[in-house]
Amino acid sequence: MTTVETPLRRRRGLHRTNRLLTVLLALATLTVLAPLYVTVSMAFKTSEQSADGNAFSLPAPLNPASFAEAWQLTRFPVAFGVSVGVAALAVLLTLLLSSLAAYAIARNWAHRFFRWSMIYLLVALFLPFPVVALPQIQLTALTGLDNPVGVGILHAMFQLSFSVLLYTAYLRSIPIELEESARIDGASTPQIFWRIVLPLLGPMNATVGIFAFLASWNDFMMPSLITSDPALQTLPVVQNIFQSQFGTDYNVAFASYLMAMAPTIVVYLLAQRWVISGVTQGAVKH
Amino acid sequence: MTALPTLPAAPDAPAAQDAPARRSHGGRVEPVHYLFLVPTLVVFTAFVVVPALIGIFYSLTDYVGFGEWSFLGVRNYAALFSDPRILESYGFTLGFALVTVVVAQVVALALAVALTRRIRFATTLRTVFVIPMVVAGIVVAYVFNFLFSNSLPALATAVGFGPLEESILGNPDLAWLSIVIVSAWQTIPGALLVYTAGLTSVPNELYEASALDGASPWRQFRSITLPLVAGFVLINTILGVKGYLGVYDVIVGLTGGGPGTATSSVAMTIFGGFTGGDYAYQMANATVFLLVTALISVAQIVATRGRAVRL
């Protein structure tokens with residue numbers, strides 16, 4: 001930076017913070033915050049107040065009883081447990097299958113079988129779930145997988161292409177010399193994978209894991225179509241009871257929506273630096 | 001989350017680099033590497049490819065989902081093209097995807113440009129803008145359903161704005177707008193993060209130099225920002241459009257496909273085949289849908305190939 005440049009820049013406002021832009025952006029956050037505010041305030045209203053049509057009014061009096069009712073109606077602990085199980089299975093399967101596959105593909109790129117396998121797996125990147133939904137509903141019913149286990153497996157399957165793509169790109173940036181020196185020390189390939197490659201994949205594991213988790217945890221389409229027993233539905237799916245039987249008790253419905261939304265929002269706010277860098281990692285991995 | 005926001009370098013990138021040296025059969029493959037790859041190929045085939053093939057097979061029959069069936073050839077396909085319900089669902093889905101991808105990309109890019117300028121509280125603002133990415137689309141749709149059917153009409157009545165005094169969800173001409181708004185709301189954060197990553201890789205000196213040369217902010221955006229984030233626009237658009245074409249959760253939560261069939265997406269029509277007894281017919285629909293999705297993706301890649309500039 002030279003002394004000639006500095007006054008010029010200052011005159012053009014390049015080094016000052018842009019107040020107007022800050023204010024405009026703050027106003028724009030209302031598009032995100034207003035629906036969240038409505039969810040919270042509706043959840044704490046009484047049935048009478050929630051029916052008056054004014055979504056933006058503060059709850060008066062404050063009524064926390066809706067949460068207990070929503071908890072029971074949706075059988076929250078069961079739905080939450082099923083959601084956790086489905087997401088955990090989806091994330092674990094995605095991490096395991098795609099990291100192993102990507103490692104084999106990246107290290108044997110010279111071989112036709114591995115190159116073609118990559119292309120084969122990438123097909124699903126352009127395959128929307130509705131295309132295969134009807135046969136999948138039949139096949140899962142036939143094989144006894146019309147339950148949360150089947151949903152977890154299918155979530156992992158639709159995450160594979162994208163995850164293998166991320167892993168192979170990342171693996172190419174890891175020097176092969178590390179593995180070779182371990183091999184000279186007598187380590188087997190599985191040992192090398194577990195002890196050296198997998199730890200080195202750390203940042204990409206986080207990225208793949210976050211995407212797999214969000215896709216699975218927030219999905220409505222697959223569990224609602226695949227799981228045949230309504231008692232084993234995930235948290236997003238059980239919210240549909242408020243669309244029919246309990247149509248007017250908005251306070252209970254919103255208490256339930258809030259309980260469904262809160263876990264990921266809280267985790268995100270606590271770990272936002274980590275989540276954002278994880279997601280961004282997927283974008284800039286050239 | 002229906003639309004994944006990111007995609008790394010082109011899938012054929014490894015080939016481009018390694019190709020000249022060892023193209024076909026360089027070296028011996030360790031058997032254990034097959035053990036790493038083959039299980040994934042097997043489950044992928046069983047859970048994704050086989051169902052797809054079964055579906056394509058049945059699309060050539062009169063199968064109703066159970067019992068006996070016989071071959072029809074391409075009669076299901078021929079019938080699709082003269083079925084107003086099907087044509088309407090494609091019209092709605094394609095129009096919706098086009099509008100939403102434009103709206104979401106423009107807003108996301110504008111927000112990303114603004115957030116990477118010298119502003120206060122940039123991190124906090126970004127944190128707030130990304131929140132919609134982590135919540136379930138169906139739940140968000142239920143919340144917006146209430147806002148559209150109760151709060152918006154109440155507000156419109158209070159200020160005396162006639163057209164919005166009735167819920168837009170019940171209006172066949174306006175209901176689609178609610179789906180665009182909620183889908184964009186939900187998918188903007190992912191695109192925003194990708195653009196932010198792209199923009200922070202543009203060195204500030206470039207802007208400073210062009211400012212010295214007297215370039216206006218709009219000129220800077222057109223001549224510096226846009227060419228440099230073009231690759232990210234492509235990634236966002238491809239994955240965005242694929243997600244929007246499969247739109248389902250948000251519609252279920254907002255309109256259920258109505259009023260009438262005004263907001264029935266292709267996905268909803270296909271799922272109807274499981275209860276409606278026209279399984280084979282809807283599999284033909286699904287096959288056409290697969291081709292349409294693939295064609296649009298390929299067209300996007302071809303249309304934007306070579307447009308991106310890398311520093």
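Quick reminder: no glycine exception, Cβ is built from N, Cα and C everywhere.
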Can you check which of B:1-24, B:241-264 TrEMBL lists as region 'Disordered'?
B:1-24
For the transmembrane segment (B:90-115), which recorded stretch in the set B:127-148, B:224-245, B:279-303 gives the largest number of Cβ pairs separated by under 8 Å?
B:224-245
At a C-beta cut-off of under 8 Å, are there same-chain residues at least 6 beyond the transmembrane segment (B:32-60) that contact it? List them, or none.
69, 71-74, 76-77, 279-280, 283-284, 286-287, 290
